Structure formats: structure tokens, C-alpha cells
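*Asks:* Here you go, one structure.
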Amino acid sequence: MPRNNDIKKVLVIGSGPIVIGQAAEFDYAGTQACRSLKEEGIEVCLVNSNPATIMTDKQIADQVYIEPLTLESLKEIIIKEKPDSILPTLGGQAGLNLGMELAECGFLDEQGVKLIGTTAETIFKAEDRQAFKDTMEKIGEPIAASQVVKNIEDGIAFTNKIGYPVVLRPAFTLGGSGGGIAHDEQELIDILSNGLRLSRVGEVLVERCIAGWKEIEYEVMRDANGNCITVCNMENIDPVGVHTGDSIVVAPSQTLGDKEYQMLRTSALNIINELQITGGCNVQYALNPDSFEYCVIEVNPRVSRSSALASKATGYPIAKVTAKIALGYHLDEIKNAITQKTYASFEPMLDYCVVKIPRLPFDKFLTAKRTLTTQMKATGEVMSICNNFEGALMKAIRSLEQHVDSLMSYDFTGLTDDELEKQLAVVDDRRIWVIAEALRRGVKYEHIHEITKIDLWFIDKIAILVEMENRLKTEELTVDLLKEAKRIEFPDNVISQLTDIDEADIKKMRYDNGIVAAYKMVDTCAAEFEAETPYYYSVFGSENEAAETNPQKKVLVLGSGPIRIGQGVEFDYCSVHCTWSFAKEGWETIIVNNNPETVSTDFDIADKLYFEPLTAEDVESIVNIEKPDGAVVQFGGQTAIKLTEALMKMGVKILGTKAEDVDAAEDRELFDEILQKTGIPRAAGGTVFTAEEAKKVANEIGYPVLVRPSYVLGGQGMKIAWNDDEIEEFIGIINTITQDHPILVDKYLMGKEIEVDAICDGTDILIPGIMEHIERTGVHSGDSISVYPAHTISEKAKETLVEYTKRLAQALHVVGMINIQFIDMDDNIYVIEVNPRSSRTVPYISKVTGIPIVDLAARIIMGETIKGMGYTPGLAPTADYIAIKMPVFSFEKLRGAEISLGPEMKSTGECLGIDKTFNGALYKAFEGAGVELPKYKQMIMTVKDADKPEAVGVAKRFEKLGYKIYATRSTAKYLQEHGVNALRVNKISQESPNVMDLILGHKIDLVIDTPTQGNGDKTRDGFLIRRNAIETGVYCITAMDTANALAHALETASDKKTPVDIATVKNL
């Protein structure tokens, strides 16, 4: 059936800020779908509050709204734009829930707008726990014994009937939010009360725990005609009980017999037909490893994290096809974009193995619980492809960029046999390393399987890797042994460690004997048809399929790897824009990246895509085959920057700013020389390697000092130290990972923090806009609320900023991007740090100023000038509206993590508020970040002594807004003495009713708690207050500047005269 011609204008709902459970995969899906709709001549409107995405670029849709994803703002956009249809299945859980709410409240019928791609009834049947249960029972699909409960008493009664442990799954939530496994009544009460609060409809499913069964997923497609195909089936290495987003996943499944595979495939198609789903859908199963018994765990009636993985694993563009099906096309009418010969009704075939490993944030949150359950904790993931499972696992491990490159990287040799056995039972992110250690000690496969419930097939494969370690350690390195080690992807540096042979000699031995990587293509059809836009993966001991092309010029663009705190989707945005710019100028583009969730790894972004780890050895193999004319490293974050030196050694030209100038910005002594030459002041400080040296520097310049390693992103390992003991502690933590570069110790200055992104052509600079942070220095720039245009700095300070930016860019010979952070102390400007590369603020500042910085920087790298491109050098004219970028955190998913803000970054995402007034923009930014206020108008204040004078002003503003203020002893006394009617409440250690009772009583909206120094202690009152506030869903602020900003925003909300102004990116 050709497409439905009644559909002319579609509103696509994006997924909002990146949080744990909802990452870059929706930017990828949304971008692909918008492009797919525009191909069909549809007018596309898009709403998304996340400015870091490609989907919010003006060329992706006809109208782009960066507005909070709330019912109110969507209604306004629908009234203004009058779309005939809404596509809600590409915006993750956020998009689905909004589509549902718009349909339920009758607004869509009123406006004559219909949901396409799915119906409200389908969403309800799949997402509502009771409706889903009834539907499965109706078609005879087995589910675990369960009951939907709306209160705690019913939950306890049902659990007593079926016995512990039980799994709790809230309805309509994302990434397992609020869910978990309860082993006893206390755990049940804790998890259930949280789950009922987080569910949109106040429902939680309590079900029999089938942890230990295999977890299998099927990604299926269906059109309106009832044609169905399975795109891919996947198997979690971890058994049921770990969220699939936190599991190691392999595609296609490796341990299913044909009977099991066909049984689950039939079931998946049965379910998708009953639910009448049109488009992509994901079905998760639990399979009893000892029989043919299975249960349906859940169905996602939308594009999901798993569908991004399935798309990249097979080359089948699920989001693109879903968008076409939503327009009425059938599968056999949609061409396969990779082969251009087959159709979307053709099931993909894989002649390789794909492994996905989650990227978990425990390197950022040293106090957080490492255990993995049904509530997701990963911020991102990596994917690798190989022709054998062991090789794919080894490649995925080194793609994580967590200082791991083999199964020896986490060291469990110090454990006794009993301790090791206990560790095997712990489900955390290091489990395969523990299994490897058990195998080294001769523990039997069956015994490991009994404890971990991981299939024997996977244990056997880990044993093959352990056996190879042993052979490399004990045997002579022959050509045959080296061939076999490379076949299962042992990197040269690991072979070198095990054999005690120099890495350079191993490489020479490989080259002399022709042991080099060959590249195979992903073509969806196991090489049955010719592929037009393939992508490649490396294997050893096979024929090379990467086509020899000799165009005029080739550029290698290094991607940014997995999404993690500190290096998010912003850098993918920069990589993609850079690639598009080079392609426009006739260069052949080559991307290397390993993140399945991103736009950069889509099959049609670059001319060639290599799905490989971003390490020197892996990149060198590609360079040897492609021989690029140059490489661009300034857009891939720290990942790409770290490979600069290796690329130069390979003889690859670095395009843009030269490597030695990048080093000069990171190297303390060289940078100090540049500052002296250019006459720019900075904080006093020095470089050290040991705690003794650090204490000496700190005492010379005076406490407090900022301690940080060099060459890091997102303030990794950065701390503010107030005394000698803290220096000892912090240097100890930094030095747990061997440092190749010195540690920096600087005087900590208090002032306004200002950030500038600029481009330089070697002579002139262009600054699109100056951004000012609401939080004072000491809070990482990625965690601060950022305001454009800067609104409290003087003209004189602005002139100084522009002048200093120009001097620094010229002294560092910048060609392309530069990012500088300054401090403004009473019009005296100091430089904090300089990064001659793109930064996380680039997408945001590009959008709000309308200056496409990445494109301009790429053109400069190719030889154009700022004037030649038609721009006036210096600071661009400022806008007549305010744009505020608000950080978004995922603390509630990370039990035990310290939430107070400091110099190490903790936010996972961001959203944007745009308005004519400062307060209006602030209100939208808080709304976009999901801050729901006020409900009860009751708050708790407990602030450190230094903040008390400022707390009085804040408290008075909240009092005026009608808030009842509770405060702990000394804060209450101080507030009362200064005319605030604060109610004193006991500390946690004192008798009830105390602070904890108030928080756990669910009657508090807001906690303002500014921590004292030495915030590492988990038993202190402050830590417990902050943690419990977050875990019961209370908004918690840890800096006075943020509290002031929130008061501003709420004053706007209460003053209803200001209409919400809806602006599109086009008009900015």
C-alpha cells in the first residue's frame, strides 16, 4: 500500500535530556526518522529540550522547538503548528508517556490530531502492567506469577503468598526506574514505596523472581498489513535479574538451539500481531536453561536502546523503517538502504558476532554501590564486531576506555579461594574478570555456572582467553601462537606484558609474517548482495573487503567512544558536523567509533565507517589500509586528543591545531610561559607527582587549593583540598591509576566563572557568545547553570575577555576550535584553563547564536578564513533573548553516590530554556530538567557557616513564595535572629521527629544543603540528608547560587502574567 496521503505535517517528540536509561540512542533514532520523513516530502516539526543533539539542528526538521517536554508546552506547539499527526515512538519513554497523556486528556481529538506509528491503545496494552498481563494471558503467552499493586499492604500480602525474592517493576517508567529485587520485607517496603512514587499511574507489578534464567531479546518489525520480520535476536550474558542496559549482550544469540530460537521467534511475532504494533518493537524473554519453559518479561512498543544496538549490529535501519511504516508503507515497499537491491521485508543475516558492553559510571562515583540489578546504572555502551565471540569480547573491553584491555585488568589475585567464591556471587561490572581469576585457579566450569548462572558456553569462551594468557606466559612466541593470539584479538601491548617481549618487536614480527587486520563488511545479507554503503570491522586471518578508493583527498575523523559523564553526546554532535563539512568540500570521509547509540555510527553519515576500538593499534591498522591525507582530532573529546601522538608516529598529518600546541595548553610549564609572554594572569600553582611535593606547593600558595591530574575530561579526579590530610587522600586516589603526566595544584579562586568557545583561523578569532555560570567557581562547568548572553559582567570585563581569547588563540597557533574558562573577580580576569578543541558547550552555543561553529571550524581547517566566510572577527552581536543551559543529573539511579557539586563533573545531560526574560528562561530550564515544584510548599535548610549570611536572603524569598522552612539547629537559630520564621528540626542522630522523618514522610518539596569540607564521609548527617532526599524524589540543592536561581524561577511561575513564549530554533 503506498503511503497515506492524509499525512502532511508530523510532530516528532524527542526524548529530552540524557539520563541514565535514556541516552544518545534516541538522538540517533530521532535524527534518522526525521530525515526519513523529509525524504517523503513531509513537513516535520520537532520538540526536544536537549540542545546537545543533532536532531535539534535546524536542517533536521522544518521547525525545531527547544522547549520543556511538558503537556503544557506540547499543547501550545500543537495549537501553533497544527500538525495532522504526532509520532511519539522515537522519543523513548518520555515521548511515549507524553503521547499517551495528550491522547488520554482528549486534547488530540479536540485538535483533530492523530497518533501515528502506534495507537494509545497499543501503548496502554504494552506499558500498563495489568493490561499487559491480561493481553498475554488472552493469547496464551506465559508470564511470571505476578500482581499489580497500588499500595504497600497489597504488595506485602501478595509476596507472602508467592514467597521471596520478588521483582518489582513500576508501570510507565524508564531504565527500570524505581524497580528492583526484594529479598525480604524491609527491602520490599523500600523499593515499593519508591516505585509507586515514580510510576506515572501509581502502579507497580510484583512478580515471582526468575533471576538465573537466560535473558533473550527479539527486535521485531511489523507493518499495517501484518507483515512481520525479526531483525535480530540478542542474548544477555548475565542471566535475568540484571537490567538489559547493564548486561553484556551478544548478537545473534549464541546458546539457543534451533527449537528454542524458533519457539521464541513465533512467540514474538504472535505478541506484536496481538498488540497491533506498527514499526519497531522489542520483546524480552526469560528462558529456563533446563527446559523449554519461558516467560515474557516485557514489550517496548517503541524504538529503544536495544533497537539502536540491533540496527548497528545488523545494518538494518530500524528507526528509518519505523518512520516509513508510520506513513503507511509496507515492508516490501521500503528499500534496504545498504544494498539498494533488497527490501525491508528481508530478514538480516549475520555471519559475525557482536558484543555490547555497558559503560558504568563507578569511576566518577567512588562511593556508589557497584552491584547491578533491574534498575539501570550505565551511562552508555560500546559495541564490537568480530568473526568469533572471544575476539569481539576482547575488542569491546578495550573500547570502554576504563584502563582495561584484557581479562587481567582487574586484579583479584589477592583474594583467598573462599573470598573469590563469595565474589563470584556478587553481580557487578567486574564479574567476567572474577570468572577469569576462578578459571586460572582451576575452579570447575559447573561450579562457576552454579554460582553465577552464566551459560557454560560463555564460561568456556572466557577459559579460551585465560588459556591463551597462560600459553603466552609459558611458551615461546612462535608465528603460529602469535596468529592464534591475534585471531582472538589480544592487543600487542597485552602480548608484550605476557611474553616480556618489547611491543615494537611484536609488531615487527606481525608485519614480517603478514599477521595484519583485514576488514569485513556489515551488509545485512551475509554477502549475498553487493552493499552500497557498508561499514567495516576487523578480523585477523581473513580476506580484506575494504574497497580501495583513490579519491582526491581523504580525512580520518576520530569519534568520541562511549557516552560517559564528562564526555557526552555533544562530542558526537561535533564529529558528525565535522564529517558533513568535509564531505561538502569533496573529501572522502572516514569515521572510526565504537558507540552503537550515536548518529556518527549510522551507516550513511561518512563514506566509510570503521566500528573499532579507539586505541593506537586499532587505528593504525585502519591508517595502513586507508592512508588518509590527514586526521581531525579536535572534535572527539579527550578520546581523540589522546591519540594525537600515536597518529603522528604513524605519519598521519594532524589537521587543524598542531599537536605540540595542544600539548602546550596541557603542559603546565609551557603554558605558564605562554601566559607570561601574553601578559594574562592565572591562579598561582605548581606541578607535582607526590603528596609531599603537593603539600609543599599548597602551603606556599595557601589553602584552599584545587588538585587535578592533567589530560582529563569532565574534571576526572579533581578535588578542592582545605588541609594537608585532604591532599594526602586526594593524591592517593589520583595515583591509584599510574599517571604519565604531573598532577596540578592551584590556588582556588572564588569568583564568577565565564566560558568562551571561539574559532581561530591562525590570525583572527570569532566568539559566537560569552557564557556565564550561575554557580561560582569550584563547581565544574558541566554541572553549572550556564547563561547566554552573560548578563552580570561589565563591558570592560567583556573587552578583556575578547582580548585574552585572541592572545591565547594566537599564541597557541589555533586553527579551528578553542574553549577557555575564565574567572571574573571584580573585573579582574584570570584564566582557569584552555582547551584547543571543541567542548561540551559547542552545540548549545551554536544553536542559541545561530552560528554553526563546528562547520566554520572545519572549513578553517580546510584552509578558509573567518573574513573569507563572511564573518566579522571578534565577539558576535548578542541576541535579544536569554538562553539558559541547565545540567541534569541521574543521582536517584546510583545508590550511595555523593550528590554535592564540586570540581568533578557529575551531570549526565542538559536541557535548555529560551525566553525573552532571564526569569522566564530560568523557569523553563528548571521545568525542562524535570524539577517539579511546588507541591507541599515545605522545605528544609541546613547550610555551612560560611553560607549563612546568604541563606537569609534566599530563605526570605522562599518565605514570600509561601514556603514553610524547617532548619537544623544552628541554621534555624541564625535564620530566626535575622527575621526568618524558621522551624527548628532535630538532626538525624537526635530523637524523632528529626530531619529524616520529614524527608521520608513525603511532605517536603525541596532540600537546600550546602556541605561542609571533607565530604567523603558516608555516615555524616549532610551526606545522609542529601542521599535520602534524592532517593525519595525530593529536589536537593547543594550550592546557594542554584537556590537563588530557583527562587527567581518560582517567582516567575507565581506571577502568571508572563506568557510562555514558544520560539523555534529557526527564528533564533
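Cβ atoms here come from the backbone N, Cα and C positions, even for glycine.
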*Asks:* Look at the ATP 2 binding annotation in Swiss-Prot, where Arg708, Lys747, Leu749, Glu753, Gly778, Val779, His780, Ser781, Gln821 are given, and name the residue from Glu700, Glu833 listed for that site too.
*Replies:* Glu833
*Asks:* Tally of helix, strand and coil residues over the region 'Oligomerization domain' (402-546) according to DSSP?
*Replies:* 72 helix, 14 strand, 59 coil
*Asks:* Relative to the Cβ of Gln284 (ATP 1 binding site), which residues of the same chain, six or more apart in sequence, are found under 8 Å away?
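*Replies:* Looking at Cβ-Cβ distances below 8 Å from Gln284 (ATP 1 binding site), excluding near sequence neighbours, one finds Glu215, Ile216, Glu217, Thr244, Val296, Ile297, Glu298, Val299.
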*Asks:* Spatial neighbours of Asn835 (Mg(2+) 4 binding site) among the binding-site residues Arg129, Arg208, Val242, Asn300, His780, Gln821, defined as Cα within 10 A: which are they?
*Replies:* Gln821
*Asks:* Just how many other Cβ atoms lie inside 10 Å of the Cβ on Asn835 (Mg(2+) 4 binding site)?
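*Replies:* Within a 10 Å radius of the Cβ of Asn835 (Mg(2+) 4 binding site) lie 20 other Cβ atoms.
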*Asks:* What residues, ordered by sequence, lie under 8 A Cβ-to-Cβ from Gln821 (ATP 2 binding site) and sit at least six positions away in the same chain?
*Replies:* Glu753, Ile754, Glu755, Val756, Ser781, Val831, Ile832, Glu833, Val834
*Asks:* Could you give the Cα-Cα distance between Arg129 (ATP 1 binding site) and Arg708 (ATP 2 binding site), in whole Å?
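*Replies:* It is 48 Å, counting Cα to Cα.
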*Asks:* Between His780 (ATP 2 binding site) and Val242 (ATP 1 binding site), how far is it from one CA atom to the other, in Å?
*Replies:* 32
*Asks:* How long is the line from the C-alpha of Gly778 (ATP 2 binding site) to the C-alpha of Asn300 (Mg(2+) 2 binding site), rounded to the nearest angstrom?
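*Replies:* Roughly 42 Å, rounded to the nearest whole number.
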*Asks:* Looking only at Arg708, Lys747, Leu749, Glu753, Gly778, Val779, His780, Ser781, Gln821, Glu833, the residues listed as binding ATP 2, what is the longest Cα to Cα distance in Å?
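*Replies:* Spelled out: the longest distance between any two Cα atoms in Arg708, Lys747, Leu749, Glu753, Gly778, Val779, His780, Ser781, Gln821, Glu833 is 18 Å.
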*Asks:* Sequence gap of 6 or more, Cβ distance under 8 Å: name the residues on the same chain that satisfy this around Arg208 (ATP 1 binding site), in order along the sequence.
*Replies:* Ala144, Ala145, Ser146, Ile162, Val166, Val167
